[in-house]
Structures are given as C-alpha cells and as structure tokens.
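As recorded in Swiss-Prot:
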- 44: active site, proton donor (ACT_SITE)
- 168, 169, 170, 171, 172, 173, 174, 224, 225, 304, 305, 306: NAD(+) binding site (BINDING)
C-alpha cells in the first residue's frame, strides 16, 4: 500500500502521544521515523516502529531523558544518553561532533547508555550535507555468531561513512551480510536474499531470510573479516564511551538498551579547497562508474547514491508500506 509522508508522521505521532511522550518530543521523533521511511529505509523506519514502541512500553527507553556531557577533552567528548530516545539523541550527538569539528577540524563524541538509533545513515548524511565527513557506529546486543561459532556472541554493529560529494556518497552497513531489518523486508516481500545471508539449521549457507531470523545464525560480512570488524568496533565504542560492551548489554540487560555509540565529524575544507575537493571526488566517481560492466543491463553503483532517487520517487508516488506493518501500527 501507499501512504503520504503526512499520514505516516501522523500515525507515528498519535502512537507516541498515546504512550505519554510530550508533544514536542513526539513530533520530533515521528518526523525522524517518517523521514527515514520516506528515504527508502523501511527496515529502520516504519518496520522498526512497533519494536520501538515495545521498548518504550517496557521502560527501556526513557522519553523525557536528556543526554548529559560527562567529559570534554577538546575535540573529544564523552556523553551519557541516560537511555533517552535513540534517534533524537544520535542526531544531537552528530550535531555536537560537527560543532567540535568546526573548532578543531575533527570532532568525536562517544556516547554511552544509549538506545537503538534506528537508521544510522541519517547521522552520516547529516554531517555530509553540511560539508563534513561523517563517521559513526554503534554496538548492539549479541545477535551474530563470531566466525567459526554457532552461538551469538557479537553484534551486527553497523558502521556509517558519509562523504560530502555531489551527490553524497555513503556506506551504511552492518557487520553482517544483511541487517535483521533487511531480512524482515525480504521475508515480508516473499523474496530470497540475493546472496547467502546465514546458515540453516544444518549448518548450510542459505538465502532464506525467515530461517536466519529464526535461528539467528546470520553471516558476518566477508566471513571472518566482518566478525573481526564487529569485535574491534565494539571495543573502541566501549572504551571511548566508558560504556557497555556487547557482552555487558547481552548478559546484564533484559533487552537491547544501554548501548555504546561513536560519532565523528571531519571538516574537509580545513585541509583542501572546495574546487580541488570537488574535482578529486568527481574523478574518483567517474573512474569507478566508467569500468566495463559485467552485465550491460546493470549499472555500476556508488554507495548511497540511490537514496536521492528513492526519496524523489517516494515524494512523487507515495511511500510504500507493507500492509501487515501498517496494520500493526494502526492497532497500537
């Protein structure tokens, strides 16, 4: 089915207010969920909203909490989210990293005691729109087996890197082949995954999203490489924030809350003039996309460039929402 941005935001806003969230906070949170969905990231927008409400009702998310600065070391700051709303706090933290970068050339904010930030790419994009390189990542509850294991002991720990090119170039990737959100998107659409995304119950690689969602044997991105990246990203976020690791979140909490996140902004224009920057970025993009295609009908893509097209299509034609997901939201 198709809905408008206004319908989507109104539905989110209604549910948030009915759960006791104040009007201003509800409006800002609903706006972010709707913008994420409008951008084509359904897995971490509309599809994720019922799960967000579940955590709100369980008390994992404290809607009136505000992040608090703990330590300041010039270009580096450490904050405590105090279990505030994840997407609103993440936006504030990237804004703060940008402010630090404006003064120091680079800004790093380490955040502890945070909640799920929904679409991580929003915060990298936020920096790139202002002309900064944006880098951020988060840890999570253990939802992926380390390479060579059957039991979940590491997080998918998504990493975002956004470059202020025209259009913005951005990698937004979990350390698994697919996020659990994308497994859900493919399952709801009745599709197999395009490549193997995990193991079945017999230990064979599989493209069946429902099987992987159930047994939690999701495949690390690049096999042992994604497993290793997940571990070191967790270590850095834990140390810099003085927050909880994947092990602590998993063993000490009843659900995924109190996690650790990193936000970095780099002011490129302190290092290179604008025309030179633009020319170098354009040459990189042209060089990559001019490679001979393996399939003449399949264009060579640059990461993140599809979001400009998706946003325009959704604004023109309406936003696609799965019927069952919309029914869940209407019933909340």
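Each residue, glycine too, has its Cβ placed from N, Cα and C.
Annotated features, which come from Swiss-Prot, shown on the structure.
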| residue | record | contacts (Cβ under 8 Å, 6+ apart) |
| --- | --- | --- |
| 44 | active site, proton donor | 36, 118, 119, 120, 179, 181 |
| 168 | NAD(+) binding site | 125, 128, 129, 162, 304, 305, 307, 308 |
| 170 | NAD(+) binding site | 121, 124, 125, 128, 160, 161, 162, 163, 303, 304, 307 |
| 172 | NAD(+) binding site | 119, 120, 121, 124, 158, 160, 303, 304 |
| 174 | NAD(+) binding site | 156, 157, 158, 159, 221 |
| 225 | NAD(+) binding site | none |
Let me know the largest Cα to Cα distance in Å among the NAD(+)-binding residues 168, 169, 170, 171, 172, 173, 174, 224, 225, 304, 305, 306, as an integer.
30
Residue 168 (NAD(+) binding site) in three-state DSSP notation
coil
Under a three-state reading of DSSP, tell me whether residue 305 (NAD(+) binding site) is helix, strand or coil.
coil
Count of other CB atoms lying within 10 Å of the CB belonging to residue 305 (NAD(+) binding site):
15
